[in-house]
């Protein structure tokens, strides 16, 4: 017999594990057969219902019916459960098909080995082989499975919501059945005056915020790091420890504290101003002042991180560059402008872009400090300091405008993803695929 | 006067100004923290006090917060400790193994995974909130702290980049000689990579611990009943309901939440700095 591979592969196509059994890998074959039995019984029971649910989003809403003169609730289809359930089933189907393909490939490969005169590996040898040669795949598969269900599934689900009419107060299951509406949500967001006004204004502020927040924390970090690293400054370790404190305190706590400190009526900052005979400032209640306050507080939170990073970079600048500059009679400022700054910028440029992307999504600072307020009457459910993300949060949790929120989320995602992929492709860890060491 | 002495006086003036700046920045850094700590010991509940240092100190607020039945602070604390510790353990193991795999092995779909991880880590968490809500409701895992642990830990892969960046800096020759001696992948990982990556491990462990300790967005959605709250959710509730009427209690809660983490951070800052810079400039 010299056609083991065809026989094994065909047998595995017919059913999970048959090829393996033919290859005399009994343990493996039995396990695969078991996978098939479990999988098939699940899909026979669920697949058609799942697809029906995903396509139609249900037919009958939960409603009242008069049965024998008594009004009773009749449980109908819940579009959201149907949608999520359908997605999970499809995801499992995808995994099942992947397992099926692997099962065929494995049978083929083992069959080929047999033709070449090798004995098929028994279960112990298989495990050992996998641990040795397939190590990364095996170990990555656990977190990847987790990410699949905890991150990817919710993301797909949310994206799908942008294409439905899922929004309060009129279209909420179980009282209503949802419908697919295609790109109408996006159309409304851009074309409807009330929505688009809010959207573009918040988008504009989000970008201004991200640019200013990134720039201030970065430059602040550079200055503080240079200040500490100066020749002749004593107790460098102590200064560094003190300056790290804002980073060490959980943002949840420090931002809520700041919110109290800047409180217009009771806050100590205004009280001190009064103490010195100055007027009170509307730190968080005036739209413009609130924006400035948010940026100042963000500097307090963000400068330490930049400082740590830049201190690391500073130690890597070759000393002879400075020595050469000194011989040429360069001033301290020229050394900073021509050596230090270009070096720092060069090493941390990709990082700057990541920080920029992070600031677009900087939920904590805005939400904990102002909750996006002061409220802007012209905005649809938004405030003057709202970023797109905090607006999205309000739209979801307070207003139940799930479809609009999902559409905004997709837009944020496209912005950030393109930005960060572009920057990451430029960093070394992506380029240097063959380690030079 | 010679030029050298003028240069010297200019230098000392510069140094003097630098010290002044350093002191000002230091005050800005410490002041809010100090203010909250002192507020928690100050008698009375007011937000404002004309003097920073209170005239008398009291432990009343701590006593009230820890024993009052209106708050279940000790329960929250215990919940949070469980959530954070479990998350730290699972997340560190998963992240380190994934970072090791991505750094040391070349396999198909490696780049796909790396790009995927990158994109996913940019996704705003709140977008998944609705999905989590429905998902947990359906799986009957709502209001369950272990569900939260599972979500946090699974998201750990998204941190793997930092770990990968660190492993990339460990010379290959170390493991090659071990491999010649017949060491398996797991042995190399445990005997060579792990001991060398103490700063990295500390960083990842600390990050996942504090992340779970202070997260309130997800915790607020998942944990519904007051008995299952974490301290972050509790504190947020406290500040929402009574920030003006009882500031001292909020301050006390803040100190209790922030203190362990802050001490850990300051204590481990050397590791932190290493971890952060390794992950950043080399990653």
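One-based numbering along the chain as shown.
Cβ from N, Cα, C; glycine included.
Copied from TrEMBL, the annotated features are:
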type	residues	note
DOMAIN	A:203-423	domain 'ABC transmembrane type-1'
TRANSMEM	A:30-52	transmembrane segment
TRANSMEM	A:80-104	transmembrane segment
TRANSMEM	A:138-163	transmembrane segment
TRANSMEM	A:202-227	transmembrane segment
TRANSMEM	A:239-258	transmembrane segment
TRANSMEM	A:292-317	transmembrane segment
TRANSMEM	A:338-358	transmembrane segment
TRANSMEM	A:402-422	transmembrane segment
Find the member of A:30-52, A:80-104, A:338-358, A:402-422 that has more C-beta pairs under 8 Å to the transmembrane segment (A:138-163) than any other listed stretch.
A:402-422
Hey, which bits of the same chain come close to the transmembrane segment (A:402-422), Cβ under 8 Å, at least six residues off its ends?
158-168, 181, 185-186, 188-189, 195, 199, 353-354, 356-357, 360-361, 388-389, 391-392, 395-396
Any residues 6+ beyond the ends of the transmembrane segment (A:30-52) with a Cβ under 8 Å from its own?
15-18, 20-21, 85-86, 89-90, 92-93, 96, 99, 103
I need to check the long-range neighbours of the transmembrane segment (A:80-104): which residues 6 or more away from its ends have a CB within less than 8 Å of a CB in the stretch?
9, 12-13, 16-17, 19-20, 32, 35, 39, 42-43, 46-47, 50-51, 53-54, 57-58, 148-149, 153, 156-157, 160, 164, 166, 173, 178
